[in-house]
Amino acid sequence: MSYPIERVRADFPLLASEVNGQPLAYLDSAASAQKPQSVIEREAEFYRHEYAAVHRGIHTLSAQATSAMEAVREQVAAFINAASVEEIVFVRGTTEAINLVANSYGRTFIQPGDNLIITEMEHHANIVPWQMLAEARGVEVRVLPLAEDGSLDVAQLPGLLDERTRLLAVTQISNVLGALNPVKTMIAQAKAVGAVTLVDGAQSIMHQTVDVQDLDCDFFVFSGHKIYGPSGIGVLYGKRDLLQAMPPWEGGGAMIRQVSLRTGTTYADSPWRFEAGSPNTGGIMGLGAALDYVTALGREEIQRYESSLMKYALEALKQVPDLTLYGPAERHGVIAFNLGQHHAYDVGSFLDRYGIAIRTGHHCAMPLMEHYGVPSMCRASLAVYTTREEIDRLVAGLQRIHRLLGS
């Protein structure tokens, strides 16, 4: 059965928009994906008819809202094949999840003189928290570099690992290059020296089937808005025993067991000890609807369609003169490029006139820009609703810019 692209596009109301008098070609889903009507309606329905503060409420609405929220926690656990619902922490997004691990696990278990490993292709969210930890704790940050083809030079990882390595933090798919990293192998190597592992799944969650038990990672993080859900909601997966050993990062309501001015405070078990304050319940409902949508469409079907579309796009882009592509030959979800000597901002501005939305800049990956010796790149990204016709429009737009501006 062929992929139902027209039906899928009809599920996303914003895709019917026009920009600058042109039909919108939205090629910026790696930054944030559009939302299907089912997600929009689920969040609105919750606020219209179901909303109440969760936890500890004895009235019916509160109990129902709490049950609905915990049902989504169970849904997330099943979606990534976590061993227990208690391994799922709701956060604002990937950035908060990584900061939580850095500030809770990192400041407790990583000592002066220890080291941790990141890679040259990480998003700033998986660099800066570790740099901050290193500065505060006297920890060394080691960097796994890129190979010449734009993939990670994983052959160098064993040489970076030693008995003082406490953590490996790596993206599963680069938000710039689209490289799919061999994280399962890297995790096994890190565990051999006793290090814990964190996988940034912000990009992979919308393109790959994720099985955290198969990966055997200690932490896995992602954002809802990348997988067609609302903004402001994300997930930290952590192995239960590890989460239970970690102290809370933030204090407040909901994360306590007992508070006393005389004897101090004791904390709830995980995951609730990491969920201080009122949660984004509407966002959680929307996240559940987004996972329902992806599951109904079929993750294997999505992967097949997007793989075919990526091959088509890479072949079509060969028609553009003076186009430089960045990254390995096999990539997932994103295509990074520059056109001649033109600044990415100028290329993106011209494409916007034609109704084509791409992302330009350093993509929160300045070390990667430094590696390639450029200040910025253009990035087109694919999603479940992207069409070959939109790829053709991108190619035609780039050809037109080249004719107008030269190389």
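Placed from the backbone N, Cα and C atoms, the Cβ positions cover glycine too.
Take the CB of Cys364 (active site, cysteine persulfide intermediate) and look out to 10 A: across all protein chains shown you find 17 other CB atoms. Per Swiss-Prot, the feature active site, cysteine persulfide intermediate maps to Cys364.
For Lys226 (N6-(pyridoxal phosphate)lysine), the count of additional Cβ atoms within 10 Å of its Cβ stands at 27 [all protein chains shown]. Here Swiss-Prot flags Lys226 as N6-(pyridoxal phosphate)lysine, drawing on sequence analysis.
Of the recorded residues, Lys226 (N6-(pyridoxal phosphate)lysine) and Cys364 (active site, cysteine persulfide intermediate) place their C-alpha atoms 15 Å from one another.
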